[in-house]
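> Here's the feature list from Swiss-Prot:
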type    : residues                : note
BINDING : 67, 69, 71, 73, 78      : Ca(2+) 1 binding site
BINDING : 158, 160, 162, 164, 169 : Ca(2+) 2 binding site
BINDING : 194, 196, 198, 200, 205 : Ca(2+) 3 binding site
DOMAIN  : 54-89                   : domain 'EF-hand 1'
DOMAIN  : 90-125                  : domain 'EF-hand 2'
DOMAIN  : 145-180                 : domain 'EF-hand 3'
DOMAIN  : 181-216                 : domain 'EF-hand 4'
C-alpha cells in the first residue's frame with residue numbers, strides 16, 4: 001500500500017514550529033479545519049477579493065486607536081497595551097513572538113498592513129470571538145466575517161490539514177480552476193506566499209501575501225503619497 005512519498009510531503013510531516021506562538025497558530029488552524037470549509041474553488045476566493053479589501057480597511061480605525069503616539073506604527077509597548085485592553089491571555093514570550101512575527105520589515109514597529117495580519121492572528125487564537133466583538137466596538141462586527149473568510153481560504157488550500165500549505169497543494173487548488181497556464185500562476189502565487197523560501201507556507205505568510213493580492217499595500221502607498229503632498 002502507499003505510493004512514493006515526495007520530498008515536499010516528507011518535509012510537511014517533519015515540520016516543527018519554531019516558536020510557541022507558531023505552534024498555537026497551527027493548533028488553532030487545525031481546530032478550525034475540523035469544521036470544514038465553505039470555499040469550493042480558487043476562483044471563488046478571487047471573486048471575494050473586493051469584499052475582503054473593503055473589510056480589511058475597517059481595521060484602520062482600530063489601528064489608529066492603538067497607535068497612541070500617531071506616528072504611523074505600533075511599537076512594542078503599544079502592542080502590549082493593545083493585548084491588555086483586548087483581555088487576551090498572551091504571556092510576555094507570546095507577545096514578543098507576535099510582535100516579531102508581524103514586524104516583517106524588522107523596523108521595530110507594526111505598520112497598518114502588518115497590523116491587519118496581527119488582528120487576524122489574534123482573531124484565530126481567541127477562543128471566544130464574541131469577547132472580541134464586545135471589546136472592539138470600532139469596526140469589529142464588520143471585521144469578523146472578513147477574518148473568517150481569510151481563515152476559511154487557508155483551510156481550503158491546506159488539503160491535508162497540517163497547518164501549512166505546500167507547493168503541491170497550491171498547484172492543485174489553482175489547477176482545478178481550469179485556467180490556461182494555471183501551473184505557472186500557482187507557482188507565482190506560492191512564491192509570493194513563501195516569504196522565507198522554505199517550501200512551506202504558514203498562516204502568517206499566507207496573510208501577508210493576501211493583503212498584497214487584494215491591494216492593501218498599493219492603496220497604503222497611495223495614501224502616504226497624498227499625505228506627503230499635503231504636508
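Backbone N, Cα and C define each Cβ position, glycine as well.
Given the structure is predicted, the values throughout are model-derived calculations rather than measurements.
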> May I ask which of the binding-site residues 158, 160, 164, 169 is closest to residue 200 (Ca(2+) 3 binding site) if we compare their C-alpha atoms?
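Nearest listed residue in space: 164.
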> Determine the minimum-neighbour residue: among 158, 169, 194, 196, 205, listed as binding-site residues, which Cβ has the fewest other Cβ atoms within 10 angstroms?
196
> Roughly how many Å separate the Cα of residue 71 (Ca(2+) 1 binding site) from that of residue 198 (Ca(2+) 3 binding site), to the nearest whole number?
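Between the alpha carbons of residue 71 (Ca(2+) 1 binding site) and residue 198 (Ca(2+) 3 binding site) there are 34 Å.
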> Looking only at the domain 'EF-hand 2' (90-125), what is the model's average confidence as pLDDT?
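Taking every residue of the domain 'EF-hand 2' (90-125) together, the mean pLDDT is 89.
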> Which residues of the same chain, at least 6 past either end of the domain 'EF-hand 4' (181-216), have a Cβ under 8 Å from a Cβ in it?
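Counting only partners 6 or more residues beyond its ends, the domain 'EF-hand 4' (181-216) has Cβ contacts under 8 Å with 8, 11-12, 15, 22, 25-26, 29, 49-50, 52-53, 56-57, 101-102, 104, 112-113, 116-117, 120-121, 124, 150-151, 153-154, 157, 163-167, 170-171, 173-175.
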> Rank the binding-site residues 67, 69, 78, 162 by the number of other Cβ atoms within 10 Å of each Cβ, and give the residue at the low end.
69
> Taking the Cβ of each of the binding-site residues and counting other Cβ atoms inside 10 Å, which one has the highest number: 71, 73, 160, 198?
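Checking each of 71, 73, 160, 198, the winner is 73.
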> Work through the binding-site residues one by one (73, 78, 158, 160, 162) and name whichever has its CA nearest to the CA of residue 194 (Ca(2+) 3 binding site).
158
> Indicate whether residue 78 (Ca(2+) 1 binding site) is helix, strand or coil by DSSP.
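The three-state answer is helix.
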> Once the chains shown are all counted, how many other Cβ atoms turn up within 10 Å of the Cβ of residue 200 (Ca(2+) 3 binding site)?
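Within a 10 Å radius of the Cβ of residue 200 (Ca(2+) 3 binding site) lie 20 other Cβ atoms.
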